[in-house]
């Protein structure tokens, strides 16, 4: 803040910061442009001088990709550790236990272990030195997606937990009043300061906006000595103050305009046109800067500003011009005319979020300059594809040898700078992200066809050399998703084959770009899409003369995965993903086609994950753990969105969503069942008591009206899901613990598996058994599940095998299916019924063909150390 301004607000903040009885969160809120960030900056400097600044973090919408909640809490932890030895000691202990803690994706777990717990354990900090954290522009977290973004949701979750800390640990938050932030503070104890645009003026408090305006005008007057000392006069000053509507950003923008133009003429034009408020000022700036624009000029304007707004990373002027295929003089003309609202330093950025909002708002922005998000993101996707089409080529960095790893190539960094310019690197990393935001059109379709037919391997080269192979899988999944939504099924199969190619050879390709051509391509199945498309272009590479694969091998892997027993596996509702929970306390999500890990490990639980399953819409995952808690995760980002849900006082063996996704049910070793609200985490039913031993398995019936449970007390019970009353059971028939239960899709049957090595099928209405005991396993049955059509049952056993049974007759129709080296703990059918997924004590997940008695994707596990690609043909 300018010296002498905002004194009333600053004093209120100082009083709050020293009041240890006040709520430990202060929310400074107000409209865009009222000076919240200036106040935050001033407070940061005051706290630094008084040795109370714990840390500060200023969100910026255009850097949303790096200014994430994870980055925030890492920064806060580092700042606290630097300044407070007591906190540093607790943090070092946490990092000693888990050195990978700063890298985990789970924002809640990272916040809890890096910030929350060290603060809770710190009790030796003098009151006058207790830390204050300052977070500015929280509303800009998540970029243009704002409150719809996963980052913003994760941040809100952790901010809510700050209020649980002792009052001495203070947190200042500045933001606009957006609905999700208002909702946060409607349920969180806090102190609030609202900054109004129209500030109250008293004889003892001069107008802050006036002081700021006069200061800015005096800087201009000092540059132009011919201007009179009292320029521009009281009347002009009052008119400018009135037009600003109390917005400091309006004054700052006007000051920039006056500084870069003829002062008198520019001021006269501002006062003679409708420039009131930000929309009025921005409209005048655009019309004044581009008075006689033709359609081609407007197209360039929209392309340039659209790129500045929607690109994932900023560019400098020259690289942006090359990326957009716009000549540099045109680019310079646009930037020169917009100097009052653009920062054209090393990278181009927009000074204030309000200008972005204006350009995207059809109610405020003139149609001639309006930015259409759909069109401009489509243009960015086309620019990426065109850039790759123009610049990608075989051996792009002119490597002399294929026998040298990337990391050992002499002067590789210099080669990359020379041969892979920033606009090509950007295009190679972000074309899929822009494609995901784009609707189908002929230009996109043709460019994609060219990429898939000719550029795929050269693209992998760039990502291998720039150490970006870890993003390939998710990019190809974006491509497959887009092709399927766009109904471009004629090239969908090639995209899926590209996924399998990368899944199989990613390790070798990441270590050596040449091995894309001399190891991966030659040893691909001869009839695979990638091989058929590309092998003819490289006739001088290796050739498999005899043997080799006609199709992708039965087992893809081994891939990095769980390091100990897998207790729970299940398919997503669309069958394309698998979730697994393990004794290693983590959850992973896998691509069910290729076997790649696409999410995880999700860390947060402090004990084994005994149960993990998707919500009916596939957007959430619920997990139950030996740490006695439940957690709900975002199935796309891996961020925890709910929990830990606490209530059980022993291990949670089983957890799943209701058919409508609104509730979660859990069964525990504490002998009880609980039902939770899936949105809020509040308990809505239970604890349900009736079993006199651990509840090992529990789930809703398909209509959501009943609950079925199996227990170590050897019985099964059916409960009313509304009242919690037992309506059937206890069903007795097993002679040992019931380890698992499942309900048929039509709700008429219940199947159970037991430690007595048998499986029973029950009538869900009467409780009678409908077949004889299903016998065949020679050890306890850990898992049973019905097929989607209800005609088959799959079971997994301690005897290391899987069997498929006829649900009507009880006869074995397939199996024993062998492949796991240890107990099979969990099995389930895919939504289509054609595949089965299994998890085992051998630390692996496998996917089986439910008709052929054959694993089609398996051994999803991890190397214990790094490895180099080795392949033998089937013939040896």
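Every residue gets a Cβ built from N, Cα and C, even glycine.
Positions annotated as domain 'Nephrocystin 3-like N-terminal' by TrEMBL: 4-176.
In the predicted model, residues of the repeat 'WD' (559-600) average a pLDDT of 86. TrEMBL lists 559-600 (among others) with the feature repeat 'WD'.
For 602-643 (among others), the entry in TrEMBL reads repeat 'WD'.
According to TrEMBL, the feature repeat 'WD' maps to 645-686 (among others). Sequence-distant neighbours of the repeat 'WD' (645-686) (same chain, 6+ residues past either end, Cβ-Cβ under 8 Å): 607, 610-617, 620, 622-626, 628-632, 692-700, 702-704, 707, 709, 711, 719, 721, 724.
According to TrEMBL, the feature repeat 'WD' maps to 688-729 (among others).
Away from its own ends, the repeat 'WD' (731-772) comes close to residues 693-694, 696-699, 701-703, 706, 708-718, 778-786, 788-790, 793, 795, 797, 805, 807-810 of its chain (Cβ-Cβ under 8 Å, at least six residues beyond either end). Residues or ranges marked as repeat 'WD' in TrEMBL: 731-772 (among others).
Tertiary neighbourhood of the repeat 'WD' (774-815): same-chain residues 736, 739-746, 749, 751-761, 821-829, 831-833, 836, 838, 840, 848, 850-851, 853, selected by CB-CB distance under 8 Å and a gap of 6+ residues from either end. Annotated repeat 'WD' per TrEMBL: 774-815 (among others), in sequence order.
Remote same-chain residues near the repeat 'WD' (817-858) are listed as 554-557, 561-571, 573-575, 578, 580, 582, 590, 592-595, 779, 782-789, 792, 794-804 (criterion: CB distance under 8 Å, separation of at least six residues from the stretch ends). For 817-858 (among others), the entry in TrEMBL reads repeat 'WD'.
Sequence-distant contacts of the repeat 'WD' (559-600), counting only residues of its own chain at least 6 positions beyond either end whose CB sits under 8 Å from a CB of the stretch, comprise 105, 473-474, 477, 496, 499-500, 502-504, 506, 606-614, 616-618, 621, 623, 625, 633, 635-638, 822-823, 825-832, 835, 837-841, 843-845, 847, 857-858, 860-863. Helix first, then strand, then coil: DSSP counts for the repeat 'WD' (602-643) stand at 0 helix, 22 strand, 20 coil. Mapped onto DSSP helix, strand and coil, the repeat 'WD' (774-815) counts 0 helix, 23 strand, 19 coil. Helix, strand and coil counts under DSSP for the repeat 'WD' (731-772) come to 0 helix, 20 strand, 22 coil.
Helix, strand and coil content of the repeat 'WD' (688-729), in residues and according to DSSP, is 0 helix, 23 strand, 19 coil.
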